[in-house]
Amino acid sequence: QVFDQACKGIYDRAIFKKLDRVCDDCYNLYRKPYVATTCRQNCYANSVFRQCLDDLLLIDVVDEYISGVQIV
């Protein structure tokens, strides 16, 4: 599911898809079920999502992802 109904910000399918992809890729990296679910908690505004950005070497675009989290 791309859209989390708990998120109260702007619904933008492209942003949700981009944020969700980070969690999917992070899950594929570690293969731990809690990574995928925890990464998506609180509309991606959590430390696991930030750690996934680091682990996936997305440091150079972290601000772009964090602004997406603030929108949703």
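Just so you know, glycine gets a Cβ as well, placed from its N, Cα and C.
The annotation pyrrolidone carboxylic acid is assigned in Swiss-Prot to Gln1 on the grounds of experimental evidence. If you look up Swiss-Prot, you'll see Phe3 marked as D-phenylalanine. Residues annotated as disulfide bond in Swiss-Prot, with similarity to another entry given as evidence: Cys7-Cys43, Cys23-Cys39, Cys26-Cys52. What Swiss-Prot lists as valine amide is Val72, and the listing cites experimental evidence.
Feature map: annotations from Swiss-Prot on the structure.
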residue : record         : DSSP (3 states)
Cys7    : disulfide bond : coil
Cys23   : disulfide bond : helix
Cys39   : disulfide bond : helix
Cys52   : disulfide bond : helix
Val72   : valine amide   : coil
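Within the set of recorded positions Cys7, Cys43, Cys52, Val72, the entry lying nearest in space to Cys23 (disulfide bond) is Cys52 (CA atoms). Of all the recorded positions in the list Cys26, Cys39, Cys52, Val72, the shortest Cα-Cα distance to Cys7 (disulfide bond) is found for Val72. The disulfide-bonded residues listed here (Cys26, Cys39, Cys52) include no residue with a Cα within 10 A of the Cα of the residue listed as 'valine amide'. The least crowded of the disulfide-bonded residues Cys43, Cys52, judged by other CB atoms within 10 A of its own CB, is Cys43. Between the CA atoms of Cys52 (disulfide bond) and Cys43 (disulfide bond) there is a gap of 14 Å, rounded to the nearest whole number. In sequence order, Val22, Cys23, Cys26, Tyr27, Asn46, Val48, Phe49, Cys52 make up the list of same-chain residues 6 or more apart from Cys39 (disulfide bond) whose Cβ falls under 8 Å from its Cβ.
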